[in-house]
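Visitor: Pasting in a structure now, in structure tokens, and then I'll have a few things to ask.
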Amino acid sequence: MVALTSLSPAPPRPSPTPAPPRRGPPPRGRAYSPRGVILRAAAVADATPGADDYHSTIRSLNSRGRHVPRKSLGQNYMLNSKVNEALAAAAGVEEGDVVLEIGPGTGSLTAALLVAGATVFAVEKDKHMATLVKDRFESTERLKVIEEDITKFHIRSHFLPFMKEKYNDTKKRAKVVSNLPYNVSTEVVKLLLPMGDIFSVVVLMLQDETAARLADSSIQTPEYRPINVFVNFYSEPEYKFRVDRENFFPRPKVHGAVISFKLKNAEEYPPVGSPKSFFSMVSVNSAFNGKRKMLRKSLQHLCSSSEIEAALHKIGLPVTARPSDLKLDDFVRLHSHLVEV
């Protein structure tokens, strides 16, 4: 296996002057607009001491006898400390915050969160990386590292006691900030967004295309899926900025992007009797199982075609409506009518 020290990065491009951040995802169907923020790799030769550049990442990995990052775990390490600072800033991390970080890797984002004044609860699946982060920040009492797969980790059982201890039993909510492995992004979004009682905001680095799709809830588009209904039910998503793939090691095939989800409290959810019923039993999942079918066909296992047509008529939609024709509010109103049948 080739050691990381034998590798060298492509010549870096200078960082441009950041433009004002976009308030939505990049336009679809054409190249990303240069008016949006694109954070490019920092110049390695000019890196200041402690900056998370290419060579410091190599040193961190080799300090634990590691070589190439594990593709199976979606490990792509951040090389640009300014990106980590921007991630923390996007979540408004400040002194006294408690932050859940998923997949800290070499601890580059962890460092930015600690500098911002946060107490960090990091969940790392790779035992070597978990040990590395513990060793790197052994002098601080504001970090706890758990070796666990976040998709199997029971947040309410293990994170809540930690948060209550740090917040002295106040009702203040924690934050999530993470450079997330792309291969678990959707699964983690589904896990975290219903936790508005624990977290106030979730800020994630995702694949650019995924972030754009989650932030855009436009109907009648090929990208419109049940996850859009889910995201807008539980949160207010906002595409923050794109991050050039040059910022990562190894360099992925696609660009990354930072997206923010402002989580809703339970009283802010759309008025449905049961979210579980709404997503699992009635309108959303059932409807999208037959995305190209008309709702009067795809929901026939719930009600008769005539009853579905009547419900659609009551909410002002044509009887030939398809799932891609309905926004979140439309699904909520359709659900309300169908449960009455």
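The backbone N, Cα and C atoms fix where each Cβ goes, and this holds for glycine too.
Sharing the features that TrEMBL gives for it:
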BINDING   Asn76, Met78, Gly103, Glu124, Asp149, Asn179  S-adenosyl-L-methionine binding site
COMPBIAS  9-28  compositional bias 'Pro residues'
DOMAIN    83-265  domain 'Ribosomal RNA adenine methylase transferase N-terminal'
REGION    1-33  region 'Disordered'
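Tell me what's around each of these sites.
Guide: All protein chains considered, the CB of Glu124 (S-adenosyl-L-methionine binding site) has 26 other CB atoms within 10 Å.
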Visitor: Averaged over the whole of the domain 'Ribosomal RNA adenine methylase transferase N-terminal' (83-265), what is the pLDDT?
Guide: 92
Visitor: In the structure shown, which of the binding-site residues Asn76, Asn179 has the fewest Cβ neighbours within 10 Å?
Guide: Asn76
Visitor: Among the binding-site residues Met78, Gly103, Asp149, which residue has its Cβ surrounded by the fewest other Cβ atoms within 10 Å?
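Guide: Counting other Cβ atoms within 10 Å of each of the binding-site residues Met78, Gly103, Asp149, the minimum falls on Asp149.
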